[in-house]
């Protein structure tokens with residue numbers, strides 16, 4: 001028991017990092033409590049399952065949670081969310097914790113069975129509102145809610161591939177918010193080979209070289225291929 005307690009202990013400076021994160025992206029006490037429960041579970045699982053990079057644990061709140069919460073500043077009215085490749089729960093579980101208070105929900109798509117099990121447990125323990133779909137993104141479109149306000153993805157796939165997954169859903173309305181890093185311009189240039197789009201870029205509130213790519217209107221370029229498929 002003592003060994004398990006030691007493994008689950010947060011990094012020494014996590015409290016300070018949490019305070020910094022909540023200054024960037026304030027939440028209610030209720031949502032904060034849900035996030036605390038999620039973080040505690042993540043730290044327990046992290047000891048035996050690599051959910052996030054160990055190097056980022058000291059900045060878990062600013063690097064991961066605030067990075068996820070900032071999507072709510074770009075789409076404050078969104079209530080039905082779809083998260084591609086949810087992995088360790090960023091941004092999907094974080095948004096689900098916020099949606100519990102706002103009357104919304106999040107559908108989390110994850111192809112790894114162990115990570116999908118973690119996501120289900122994270123929703124249960126935290127009280128976040130959502131569902132987990134164990135599937136590849138491209139194979140699960142018929143299982144998504146009929147209307148999506150906002151599609152998200154973080155560290156899942158190149159931008160042009162994400163757009164391919166999102167395109168049939170965006171035609172029903174809504175928008176996509178993809179979290180990208182310092183190579184965002186190169187990814188946009190590559191995506192423009194396959195798609196006509198008018199992206200809006202939002203600098204990350206967490207600093208560094210992160211960006212949010214906002215998309216709502218996209219069209220396929222003619223006579224191009226995406227992953228070998230004729231557009």
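All positions are counted from 1 along the displayed chain.
Quick reminder: no glycine exception, Cβ is built from N, Cα and C everywhere.
Residues within less than 8 Å, Cβ to Cβ, of residue 85 (S-adenosyl-L-methionine binding site) and separated from it by at least 6 positions along the same chain comprise 109, 110, 111, 137, 153, 154, 155, 156, 157. As annotated by Swiss-Prot, S-adenosyl-L-methionine binding site applies to 85, 90, 154, with the evidence given as sequence analysis.
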CB contacts for residue 154 (S-adenosyl-L-methionine binding site) [other CB atoms within 10 A, all chains]: 24
Conformational class of residue 90 (S-adenosyl-L-methionine binding site) under the three-state DSSP mapping: coil
Beyond the site residues 85, 90, 154: chain residues whose C-beta lies within 8 Å of the centroid, for S-adenosyl-L-methionine: 83, 84, 86, 87, 88, 89, 91, 92, 152, 153, 155, 156, 179
